[in-house]
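Colleague: After the structure tokens below, expect a handful of questions from me.
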Ligand SMILES: Nc1nc(=O)c2c([nH]1)NC[C@@H]1CN(c3ccc(C(=O)N[C@@H](CCC(=O)O)C(=O)O)cc3)C=[N+]21
């Protein structure tokens, strides 16, 4: 069996950020201000802090404004809602991202519902979920949009291909299935109650793994030559002599890469695409909300 080609998400993300930078500069020239992204972090989860810091750095590196709002973990929900309302009304803010998960005393759906859908660069608001399902323009969640960009870059047209999405979350699995359907794939959504998951996965030309279980998808589940997109980011317990465990996906890379035609690595695959697409969505939001024309497909 030949080795799968490695899909370079990190490299693709760098190219996407280049294109976003050019479009952001063009926006600034036309609008007389920079595009702006507001990121709200509640609490001090260390992993979330790392993501937010990276988002902030990359936003500024692309020539956009980054407005960071850090709230203590015990912030009342009403205060967070008031902040979101303020950002909705702020003309310098084109995109709003409230980092999830929120502390347990907050209702995530209620917070997301308060974001102006036209600033919802995460694509989590029900209005954007409905737009995606209906084929109307809106905002698409960053991780699945990044996955489709990688798939189209690798395969060209996805029309008629059998795609299996493992996982049914609102953030990845469900929007991923919608996007693949819009690309005319035959889509199966598998989940924890699916019977004979290996047999379902073996039918797929495209496998998207988004379950959150380290190395669950094995090489002998993969149809030879299939394209495998690994959305999982799992930290293994530290091995002997390690301080930090290694980062692995939901796919057993060692065995799957012996069978697949192409596969994304973890890290360096889907993860970097998520932030790059967030920046893309932000610069798109800026143009739409300012009424400045943009060829969105060219980014
Ligand atoms: N409202 C909201 N929107 C999000 O988009 C969102 C969120 N909340 N909460 C947390 C998750 C997680 N997330 C990631 C972004 C980048 C990497 C990434 O760049 N990963 C690197 C590795 C990073 C590392 O070494 O830890 C990689 O896969 O190569 C991972 C995960 C966005 N999220």
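Including glycine, each Cβ sits where the backbone N, Cα and C put it.
Automatic, uncurated: that is what TrEMBL annotation is.
Annotations for this protein, taken from TrEMBL, read as follows:
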- 167, 168, 169, 233: NADP(+) binding site (BINDING)
- 7-122: domain 'Tetrahydrofolate dehydrogenase/cyclohydrolase catalytic' (DOMAIN)
- 141-289: domain 'Tetrahydrofolate dehydrogenase/cyclohydrolase NAD(P)-binding' (DOMAIN)
Colleague: Across all protein chains in the structure, which of the binding-site residues 167, 168, 233 has the highest Cβ count within 10 Å?
Modeller: 167
Colleague: Give the sequence-ordered list of residues that share a chain with residue 169 (NADP(+) binding site), lie 6 or more positions from it, and have CB atoms under 8 Å from its CB.
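Modeller: Result: 210.
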Colleague: State, in Å as a whole number, the widest CA to CA span among the NADP(+)-binding residues 167, 168, 169, 233 given in the record.
Modeller: 16
